[in-house]
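J.: Structure in structure tokens, see below.
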Amino acid sequence: MNHQIKKDDNPDLIEERSKATFDTDAFGAFIWGGYNNLKRRREIARYYEDHKELHDTVPIAFMTREEKLENAYRKASIFENHIKKACDVNNPEEVRYFNWLVYHIDGHPTSVHSIMGFPTIINQSDKEQQERWLQSGENREYLATYAQTELGTNIKKLETTATYDQKTEEFILNSPTVTSLKWWPGNMGHSHNVAIVMAQLWINNKCYGPHPFFVQIRDPKTHKPLPGITVGDIGPKFGLNTTDNGFLKLDHVFPNGTYVPPVHDKIAYSSMMLVRAIITPLMGENLCIGATIAIRYSAIRRQGEIKPGDGEVQILDYQTQQHRLFPQLARGIAFLLAGRNTYNFCNNVLKDIKNGDVSLLADLHAILCGLKAISSYQAELGLEQCRMACGGHGYSAASGFPLLNSNQFNGVTVEGDNLVLLLQVARYLMKRAKEIRYEIRYGQQPSKPNEIYDYLFDDAPKKCLIDQAYVPNYKNVLESFEYLSKKLTLQAYDKLEQLKQRGRTSEVAWNECSVELCKAARAHIRTFLARTFINEVNQVNGLPLLTVLKDLLQLYLFYEVKECMAGLMEDGYMLGQQLHYVKKNIYEALSKIRPNAVSIVDSFDFTDRELNSVLGRRDGHVYENLLKWAQASPLNKHDVLPFHHKYLGRMMEEARQKSRL
Ligand SMILES: CCCCC/C=C/C(=O)SCCNC(=O)CCNC(=O)[C@H](O)C(C)(C)COP(=O)(O)OP(=O)(O)OC[C@H]1O[C@@H](n2cnc3c(N)ncnc32)[C@H](O)[C@@H]1OP(=O)(O)O
Ligand SMILES: Cc1cc2nc3c(=O)[nH]c(=O)nc-3n(C[C@H](O)[C@H](O)[C@H](O)COP(=O)(O)OP(=O)(O)OC[C@H]3O[C@@H](n4cnc5c(N)ncnc54)[C@H](O)[C@@H]3O)c2cc1C
């Protein structure tokens, strides 16, 4: 049963919705982690709808950059009055959802304080510092950005210095070169007045590596930059134009604060872990939003005939359209599930770290890096497929895709470039490979099995069993992913060792293997994503929901097998006839998903505010609203543009006069 049917909706959508073979609320509860969460989402969305002062005055596509910022500042100033009424403020998912409804996708002037600056203070300050900055940070008496990236250096070679002056017992922060300017930190340009600055710590002429410092960059009252501080906005970007990403130069600045040694030398990176953990489900959500827009639009858009004379078909009936869109749906769900899983894992490990236990830090770091890299890359490609699937209207800002996709572009870069992060995964895998070759087991005697990497130590069957349909729970497909991942990991390791034996330094050998190292990392993450999807579906009771989830799982798994078929076939592990079986499964899954496609995307329960798209409207009334949208364009405020006669009008008039001569 589809709960979204309303009698005045577009007839094609009513027809699609009436075909649902499952309960859309049951699916929604599966996606959002239970019925109560789904109910709370609806209550929060209702709260947002009922409070017009939180809405945009005009679509942001029609605003200049300054208007965007002012609109977001206006909302930020009333946000605190509303959040306590709309949400349980101790529930991060409710808070995140309300934020998302109010500010939507283009950034906002308090975001980096919430997701990076303040969490860094929570996780990395000592008791005395917390007494000073915790409550006031929570009250937003100050707003803190996270200033790590520099204009021309990499993290290992940061040039910003924090030198301890023994005489005054103070730290002096300095940007000694143009390349050392902090560049990119979100909200640093104009909105925030504090920066958590990552700087190389120098004590007695000895460098202790990058450490975070709490630096007041603007006067708390006048908001003017403080002495020694040069700060500003870095200018317009591909997306996130409601965020003032900034630059910062420190000229011998004396910040508040003391140096506290971390419990682990990589703890300074924990803020990045937390954000990476947020990014993967966000990528899933973005992709599901894109798929919702494109699938709803494909159900109301009619173009061409399949059987001549039978009339124009919904473009969703074309197999090519299904092949373009349904894998995005399946991948979006896979990212949401894996993201939820690792977000919980991350919070548990961060708690352990606070108590001095860093035993799971490396496992967590590797999986977060890999998931962030794969999910953001595939979501970017997938959203582009969704846009293209909407033809010309997909290119209009009314579709929502220009804003959605341009913001998605930052996913592959923020919190670490994807290739750099895949190489972090590879570093972890190479350690496991060494243990396999020397027959040592990671963690020696593990107290409990670790699903993330245990398979690397097991002997997978040497023969591909992918076409053995009787194997339960897709064990055979998972084994194929495991086989490939282990093979690529060991191949990369052996090549590294050979290069080193031939005299290459470790670093040069690493670089010469880096394409293959990234392949191994991708295969490991693919295995994790597949296993998580299978495990989550296995826990579902209730046949109608289970059936549609299994259709999506079938598509997901066989589509991923097809994506890595070269690696599976090159050594004869998978045979040509098995590839035919894989393709058959993909096409079969597409046709099983087709009748439920609109109901599946309805199950996500995205509001029209979240979709921000005329094409993806819940009611399907696309064409009349495209006209309304175009008429609202600021250009159409005038029948004749105020500068028309000054230029084009004059040009044409002069041309007419000339031709009369
Ligand atoms: C939603 C919108 C958000 C918008 C806000 C965006 C904010 C930002 O973008 S903030 C800036 C983020 N910057 C980055 O993410 C930089 C990306 N690069 C990295 O993270 C790299 O991992 C590195 C530069 C931190 C380290 O690279 P590398 O030089 O290769 O390695 P090291 O020698 O420094 O360290 C290796 C060692 O450390 C472990 N490790 C690295 N990072 C972490 C971590 N986050 N947590 C735990 N452990 C970490 C790594 O596994 C190695 O361990 P061993 O192999 O045991 O030595
Ligand atoms: C929208 C946005 C918001 C941001 N917000 C913040 C913020 O709030 N705070 C902050 O500190 N930073 C922020 N950043 C900066 C961001 O974290 C960095 O841009 C990102 O980590 C990549 O670093 P880089 O720009 O120095 O790229 P570079 O390191 O110059 O990388 C460029 C390319 O070189 C290659 N490369 C680099 N190193 C290696 C390597 N070791 N091995 C192989 N290939 C390599 C990769 O292909 C990479 O794509 C933001 C960036 C963006 C786009």
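Placed from the backbone N, Cα and C atoms, the Cβ positions cover glycine too.
The active site, proton acceptor annotation in TrEMBL covers GLU415. Feature annotation from TrEMBL assigns FAD binding site to THR149, GLY186. The domain 'Acyl-coenzyme A oxidase N-terminal' annotation in TrEMBL covers 23-142. Sequence annotations record features per position, and here TrEMBL assigns domain 'Acyl-CoA oxidase C-alpha1' to 269-430. Marked as domain 'Acyl-CoA oxidase C-terminal' by TrEMBL: 474-652.
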J.: Take the C-alpha atoms of the residue listed as 'active site, proton acceptor' and THR149 (FAD binding site) and report the distance between them in angstrom, rounded.
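T.: Cα-Cα, rounded: 10 Å.
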J.: Just to confirm: which same-chain residues, 6+ apart in sequence, have a Cβ under 8 Å from the Cβ of THR149 (FAD binding site)?
T.: ILE155, LYS182, TRP183, TRP184, PRO185
J.: Which is it, of GLY186, GLU415: the one of these recorded positions whose Cβ has the most other Cβ atoms within 10 Å?
T.: GLY186
